[in-house]
């Protein structure tokens, strides 16, 4: 049982009534929800009963008049009941919203009151820890300290009663502060068993809570910081009766792990994951993220910024920020957003050690205690170094400042039962292809490598060299194809792949499970092809993996009896918030510049729950840049420890130009000295043994480096990374001489003034060994995309035929020169002249100048304007003429099914064309309506029927329809601006305050009314024409009289003219 102080019991009694009220309100809301559902069902059944019977009644059936009257009365009665129920339902909905708002207001008021109370003893607690806080606390004097000055003993003007009251308060504070809660057992609502150091961490968090202090939980990765945090919230729930609300803000990749851990360890706490598309977030806001319905809100950094308006409605008990190093910059958008939320406590969680950077430390302290650490200038002045002797004192002061807020423990110190971790560096040579690319990269930027380039260019060379060390297929065009095939060439062309191919079968035989980390996502693609080729089952996570897919992969790998052997992870995306303790081998295919990132990757397996010894194999290409990258990472780890122990305030964060130059030059002599592969055929056990020896040598070297660094004095001009004697010897190597000796000059064109026939025949007829036949130049098939509409199938056939012929012809020549064969095998036929011409025509038919960007722009333009509006589509295309776009559109119309995802593309285009068609229909309907009026701005009338609203008047609707006809449907911003600038609505606040969405909804309502009116008008016109036609056919035609028949045509014509003139005169009058 937990031993709590009396103060804890009294606090429970103090808030019990308030908590009961909140629970009762919540129960009432839930009862109202059930009642609303029942009412909705009953109202729906009433409406079904009230609905008129649509079955036809026969003429023979006789319905009594009395029965009709009774049925009418029943219908009226049911309609009245339904109407009352609907009104009651509406009233209950209103009451429900009011109750929820009351709960939220009560909750926020309670949290705000606690916020005001917790600050009273905070400074006093901090001053008890160290006197340093007095310096910062003095900068913000309390009101009692701001009283006017006087002289003598009457200067304070403090009465005897006031002095007694202050003394009583101090005594009470001393009594209350003397006790403190210390749990001896974990909260009962926590499932599972807390380890001793985790229980100690929980007690540390409770002590911070009781003293009103925010803190940083910075235990090493894998020690269960998530569980300790959940245990704190469980303690508040069980012992303090505080159910929240709390908010956890974490990287998007860790949200699934947070939700799983809360459900697993403390299922009594109701957690809501606030993430998703706008529709999903709207549902969460309205149904789940409601006061009284949740305890913990788990969301990502991006959602906290995007939905800050929603989250600011709540006052939070605890805001917990995972991976808190993201807010070390106080000017970042995330840091500014997190400071906007109202909260009682803030808890930061980080697994990376805090560097002694003064400004970053101040940013964290300012976030934790803004009223104390309010000024960065004051902080910097207080810890300013005036000399070398003050260095140690300043570091001690920094540690004193951090002590009340920070808890950091290492696995080696607290987790004695955790199996050890063993790291081995496995070195491997380079293949012939790797050496070829490595040499070409150095020769390409010879000026930069000689020391004349900028740091940025050196970084680019270093990145390219590291790609070459990983696999040459990372360079475009290195892999043979298309068609691209999986085979032994994936392994033999890279030294690390040869090493991996030897290592994995050994690990498979001993029932180990493997995590493979790499920084390069494209390398994971190559590893994925390799695993499929060898038949190993695997999972994969990189930066493009979605949250649901990520959780499913982790679950599939960790489930009991899983057959997944390998897990491929990118170092950056897969190194955070993932528990893969079911694996016992970690392979670092390449090393990160920052060693902390590699440690995070290793801790995915070396964490609580691991039952086997964890083996870490770090691959390294010997005599290349990677050896220096790994050595620098080891030195940086040693320096990080030195920062904490010795207090180095100015640590080196980025590699400088000289270091980069040494790394790039390292091993160049070995690379240029030989073209052959340096991959050995040694057994994997022998390779591991040599790796252990190399790792032990490096550890001894780092130990000496640390001892030298401890004795080294602080000097701004010195470099921490200059403790390696090899670097000094290497700087003496003439790199330019090495490259020049192995440089292959390109052939030069020579022009000779005199031509000698004798010399020509001498050289021609000179006897000697026959020259070795050169390998044929294999034609390379250009990269063809589906949207370029080439005839890929036929082109592939022609290229394969040409390549096959050239290779067979070359092999035949080699066999003829080396082996005497009577009748060599027949060689396939080369391309005929017709096939060569066909190939050239096929290459011209496609759209080789169209890129993926052009294609996407074409699709978007088709969605916007429709496929037939070529002129508008061409206006959206950069660098394409209207003729080119028209030609592409014609081919697209016929061959769009050749695209990989043509169904999705066509659906998007058809959806856009439907919007255009609907827009045209709307504009025609409005035009038809306005054509019936001489001045529609004044005369336009809309037939509302019985559905006329009370918010918008007829003048507003008339103006809206006329402006839409003028501006076009969909231009809602322009419509809103027209309402605001029109003098008609100068004093109409309602109309001027409408949003574009509200105006669009009103306009759609009016358009439906106009379309209905147009249909009725067309129907009346059609009926009138039909009746006129029928009346004409029913009236007999009049025959001319005899006198008219006898008159001549000329006289009749004169009479008609006279009548028309008379009629015109009458009309003029």
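Glycine too: its Cβ is placed from the backbone N, Cα and C atoms.
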Open item on the list: Which range is it, out of 322-325, 326-329, 330-333, 334-337, that shows up in Swiss-Prot as motif 'DEAH box'?
Closed with: 322-325
TODO: Using all protein chains shown, find which of the binding-site residues 221, 223 scores highest when you count other CB atoms within 10 A of its CB.
DONE: 223
Task: Spatial neighbours of the motif 'DEAH box' (322-325) far in sequence, C-beta under 8 Å, 6+ residues away - done: 216, 226, 248-251, 254, 258, 348-352, 364, 576-577
- [ ] Find, for the listed binding-site residues 222, 224, the residue with the lowest Cβ contact count at a 10 Å cut-off, counting only other Cβ atoms.
- [x] 224
TODO: Please spell out the DSSP helix, strand and coil residue counts for the domain 'SANT 2' (946-1007).
DONE: 43 helix, 0 strand, 19 coil
TODO: Could you find out if DSSP has residue 222 (ATP binding site) as helix, strand or coil?
DONE: coil
TODO: Across all the protein chains here, work out how many other Cβ atoms are within 10 Å of the Cβ of residue 226 (ATP binding site).
DONE: 23
TODO: Measure the Cβ-based neighbour count of residue 219 (ATP binding site), defined as the other Cβ atoms within 10 Å of its Cβ.
DONE: 22
Open item on the list: Under 8 Å between C-beta atoms and at least six apart in sequence, can you list the same-chain neighbours of residue 225 (ATP binding site), or say none if there are none?
Closed with: 217, 219, 349, 351
TODO: Return the residues near residue 220 (ATP binding site), defined as same-chain residues 6+ apart in sequence whose C-beta is under 8 angstroms from its C-beta, sorted by sequence, else 'none'.
DONE: 351, 408, 409, 410, 411, 603
